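Encoded as structure tokens, the structure appears first; notes follow it.
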Amino acid sequence: MRIGIPRERLTNETRVAATPKTVEQLLKLGFTVAVESGAGQLASFDDKAFVQAGAEIVEGNSVWQSEIILKVNAPLDDEIALLNPGTTLVSFIWPAQNPELMQKLAERNVTVMAMDSVPRISRAQSLDALSSMANIAGYRAIVEAAHEFGRFFTGQITAAGKVPPAKVMVIGAGVAGLAAIGAANSLGAIVRAFDTRPEVKEQVQSMGAEFLELDFKEEAGSGDGYAKVMSDAFIKAEMELFAAQAKEVDIIVTTALIPGKPAPKLITREMVDSMKAGSVIVDLAAQNGGNCEYTVPGEIFTTENGVKVIGYTDLPGRLPTQSSQLYGTNLVNLLKLLCKEKDGNITVDFDDVVIRGVTVIRAGEITWPAPPIQVSAQPQAAQKAAPEVKTEEKCTCSPWRKYALMALAIILFGWMASVAPKEFLGHFTVFALACVVGYYVVWNVSHALHTPLMSVTNAISGIIVVGALLQIGQGGWVSFLSFIAVLIASINIFGGFTVTQRMLKMFRKN
């Protein structure tokens, strides 16, 4: 089957549904790829790069003659007319907000897969395009805030005086929120974050931010991986928290969204008016109405007291190269599910919950919404039950047996000491102490330090190898035992270096 990559015609859209790297992966699945001329120009991918990757460059509407169409945005009306019956379209669709679009696509007797309808389950993470774009949006939000903010993010002490660090508050600790937290923290800002879901507290703290909590308990999970609408009492408590924080922080990033509903208003005009002059608010929910009452979608609005409210709706498109690569990879992972035989043909299997969730129209029949998939939150740690007190069974062994074994061991040691060389007692004492000390040292080391501990064992094994090599030329059993010692110690050395090398690779960026 042929995959077509048309040029995105939506105003200000810079992304493309495939990159040269993803084209190579599509070819390995058995597909042929046709790219409309100039489709990747705004994302820094020219036609030559696509040709080198193995794609065919086509002109005009011929790309729409492909059996599979990969796009970023939903097709326009004139593009829908170019879809042939039986074609499979994959793009962002937003079926809840676009019922007329769904009807028009169904009338063309096509199959439509919406990348915004990927189920929030672990198995579908590799094709979760919303998370990919949210990650970029959160990062870019901090970049835009830093551009508009008039000071450093990090604190400094210079000859000209002390520069205080910027204070950043992130509302919503989803993918976008965590990306914003990481970017702001890496720039040296003091970061604090709030989320209605208490289970994300550890994630926020692991990113180096302070987690803001309310003295209010309420279940925030909705069962589908998203937050739900909270009670009036909870909203009142969080609004009081935001009002207090607005007077302290310099930058606010809001990411709160509820699927299928307008974005909740979390930052009121009074809160913005109480902020310091030069402060910045980045509203990632601007496209759905915004979390701030001052937000103007697609623009920067400056209030009378000098607070800038950024309402850009194209933050992922402001990093087009990265966005296209991540989105293209999400599409490749979806096609891997559809084409398990790698023969260039796809199978829409509704027994697969991921494919069922993504497919909103199947052969002209609207199949959205898919049956809900319940997603369980991370379970709370259960309180440990008091250990049961068990009465120890009395040993039926006779006490003389233990004393007899101890006496036998003493007699055996005395006999060996009488017939062995004088140096034996010294060597045996050192050996016994080494066994005791080594046992307690190794078993009291934390599991996280076992890999670094291998460097010490490598040194000890090296000493064993040296000692064995000095004895290996004596012949007889001595040579045989020396060879065994060299073999076992060498295995420990090479294995230790291999594991240590793997550990060190985990700390490298490349």
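Note: Cβ is positioned from N, Cα and C throughout, glycine not excepted.
So that you can see what the record holds, here are the features copied from Swiss-Prot:
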type	residues	note
BINDING	ARG120, ILE121, SER122, VAL175, ASP195, THR196, ARG197, GLU238, LEU257	NAD(+) binding site
TOPO_DOM	1-401	topological domain 'Cytoplasmic'
TOPO_DOM	444-452	topological domain 'Cytoplasmic'
TOPO_DOM	498-510	topological domain 'Cytoplasmic'
TRANSMEM	402-422	transmembrane segment
TRANSMEM	423-443	transmembrane segment
TRANSMEM	453-473	transmembrane segment
TRANSMEM	477-497	transmembrane segment
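Sequence features annotated in Swiss-Prot and their locations in the structure.
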residue	record	CB count, 10 Å
ARG120	NAD(+) binding site	17
SER122	NAD(+) binding site	8
ASP195	NAD(+) binding site	24
ARG197	NAD(+) binding site	19
LEU257	NAD(+) binding site	23
Quiz item: What are the helix, strand and coil residue counts for the topological domain 'Cytoplasmic' (498-510) according to DSSP?
Solution: 8 helix, 0 strand, 5 coil
Quiz prompt | Spatial neighbours of the transmembrane segment (402-422) far in sequence, C-beta under 8 Å, 6+ residues away | solution = none
Exercise. Please give the sequence-distant neighbours of the transmembrane segment (477-497): residues at least 6 beyond its ends with Cβ less than 8 Å from one of its Cβ atoms.
Key: 454-455, 457-458, 461-462, 464-465, 467-469, 471
Self-check item: Overall pLDDT for the topological domain 'Cytoplasmic' (444-452), taken as the rounded mean
Solution: 63
Quiz item: Hey, what's the widest CA-to-CA gap across ARG120, ILE121, SER122, VAL175, ASP195, THR196, ARG197, GLU238, LEU257, the NAD(+) contacts in the record, in Å?
Solution: 30
